[in-house]
Every structure is written in structure tokens, then in C-alpha cells.
Amino acid sequence: MNAPKKLPADVAEELATTAQKLVQAGKGILAADESTQTIKKRFDNIKLENTIENRASYRDLLFGTKGLGKFISGAILFEETLFQKNEAGVPMVNLLHNENIIPGIKVDKGLVNIPCTDEEKSTQGLDGLAERCKEYYKAGARFAKWRTVLVIDTAKGKPTDLSNHETAWGLARYASICQQNRLVPIVEPEILADGPHSIEVCAVVTQKVLSCVFKALQENGVLLEGALLKPNMVTAGYECTAKTTTQDVGFLTVRTLRRTVPPALPGVVFLSGGQSEEEASVNLNSINALGPHPWALTFSYGRALQASVLNTWQGKKENVAKAREVLLQRAEANSLATYGKYKGGAGGENAGASLYEKKYVY
């Protein structure tokens, strides 16, 4: 039997230690790795020009928030941000270190169509990844993220077996390359909420996808103790007319994880997937209320941590302090949800606004 080569002991130990820190009790990950194109959409909503200076100001707002490290363990950055400084000349990475927040980096290069499929997607970025990982590590990154996308369409048989295999194998190759270069890989197989499918269909598809992913991780020799999973919660499609409860989401999500995710994995950091800020917190709470679990179940939210922050900031310096208060409020709500102790209501009515975008591109 030809097994993959083992990682050196010191590398394995470093990866496992970092992974555990990222999912430490009461903390989650801030996903701030929007591409330049995606952050333009965010800025357009508040009528702010998408310049490098404005992007730096916004990231400075987020990472310079005093007390953020109480609720946030890591922050995923876009490549520009990893090497960026704020207006005062302080590197963004240093702002994170000041709060004991671990910097991470988005390493995928976006989506392309898989040939011979009905526009199912493959993720680019494996070419040159090892060299980039070395540079990112030197710049202070200690973990990475790679997003894949699948769509449910029962009438068309999506996701196909080919899509499942492509997703799983690409994630496993990425994870292996990251670990060889001392970066903890966050493995993100996102099943989009697009469509009218039921929550039960989402559960079946998610179970199959995660089974494929962990099979591929094993075949590629990925150290599970030094990796994290970033999946969708099990929810109904956005256009589904059947009503579901947060308890349904909690039960089916936990059941799916128990059927597929080995306990060697330190933690699962859920994506918000277009849920409102409040939904993302309440559903995370329902998931953790069903504990104890063999892994930490926490969050890696982008829109569900930032939407109200952006709306409060509006690109104006005089709004920075208030926007930071909003960020802390939302981060604390999700921290409470990791214990199953969130009672709801943080952020008021605005936090209930849908953040769904069809065919979401990050």
C-alpha cells in the first residue's frame, strides 16, 4: 500500500496548535476576504467609491476594533489586505496581532465551468499555490481558505457525481499543499441556497458532498487535526415555500455532520450563506444547543458580521466608532451562539434583513 508521506512532526504540531486556537471556546472567524470586485458591490450599496484607500480604511475599521479578539480568533484576508497598511502606516496584520487574532488568507482564484456539465463549477488556483503559501506564511498568514461551489437542482440531477468529485479532489489537493507549507487549510464546499429544494434534500446532498470531501482528504494524506471545515448549514432553498424552523436547521445540520465528519477534525466553522445576520446567529445557536459535540461548532461569517457595520459606517470617519460598536455587538451575539446561549435580538430589525444573493460570487 502506497500511503502519502507524513508531515514532519514539528509542522504537524504547529498546524494542530493553530487549528485549535482558531476554534477556541467562544470565538469564531471574521471572513474579510472579499475580492476587489465583490467589495465594489458592498461599497456601491453605500455609494462609496471602490478605491484602494477606501478599502484600506474599511479594513482598518474592522481590524482596529478594540476588544474584537474577545470574540474573533482569526480573520481571512484578501491578498491585497495581507500586505496592506492603514493610513497611519501600521500593517493590517499588526492590527490583528494586537488583538491576538490570527491572520489567514484566501488562496483560490475563483470559479470556472466544469466541461461537459450544465455550468457546474470548479475552483482555480492550484498552479503556483505552494510558492504563494510560502510568501503568505512569511507575511504572517497562518491559515488559508479555498471556496468551492455546488448547486442543487433535482430536476437536472445537480450536483452531479462529476461535480462532487471535482469539488472534493480540488479541496484535498489544496489542503495538502497548504499543510506542506505550514498553513492550516479551511476546506469550504459551499452548497448554495439557490433554488426551491426542501431542507431534507439539502441534508441528503450535504451528506453526500461531505462524504466525498473527507474521502479525498484521507486519500491525499491531509492531517485532519490540522484542518477545519467550512460548510453550509443544512437549510431549505431560498425559493422553497415549505416553512422550516431554526430547530429543523439545527437538527439536520448536526445529524449530517455526525454522519460524515471524523472527530479528529478540531472544528467546523459555518458559512452564513446569505442568511440575515440574525438568522446566522440564531441557527448557530440551535446547532450548539444540541451539544455536546465531538468538534467545536462555530462561525466564519462575512456578510453576517459586516452588513450592519457597512451600513453604519457609510464611508465616513465620524461613523467609525459607532460601526465598531455594531461589529462588537454582532461578534458577541455569535460568540454566545457557540455556547447555545444566544437569546436573540442583537442589532434590532436591521439584523433580520436578508443578505441572499443568487449565484453568489465571493
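Cβ from N, Cα, C; glycine included.
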Given that Swiss-Prot annotates D33, K145, S272, G273, G302, R303 as dihydroxyacetone phosphate-binding, name the residue from K85, K230, K341, K343 that shares the site. K230
According to Swiss-Prot, S35, T38, E188 bind D-glyceraldehyde 3-phosphate; which one of K106, K316, K317, K322 is listed for that same site? K106
Out of S35, T38, S272, S300, which has the highest number of nearby Cβ atoms, where nearby means within 10 Å of its Cβ, if these are the binding-site residues? S300
Over the residue list S35, T38, K106, E188, recorded for D-glyceraldehyde 3-phosphate, what is the maximum interresidue Cα distance in Å? 18
Among the recorded positions K230, S272, G273, G274, S300, G302, which ones place their C-alpha within 10 angstroms of the C-alpha of K106 (D-glyceraldehyde 3-phosphate binding site)? none
If you count the other Cβ atoms within 10 Å of each Cβ, which of the recorded positions R42, K106, K230, R303 comes out on top? K106
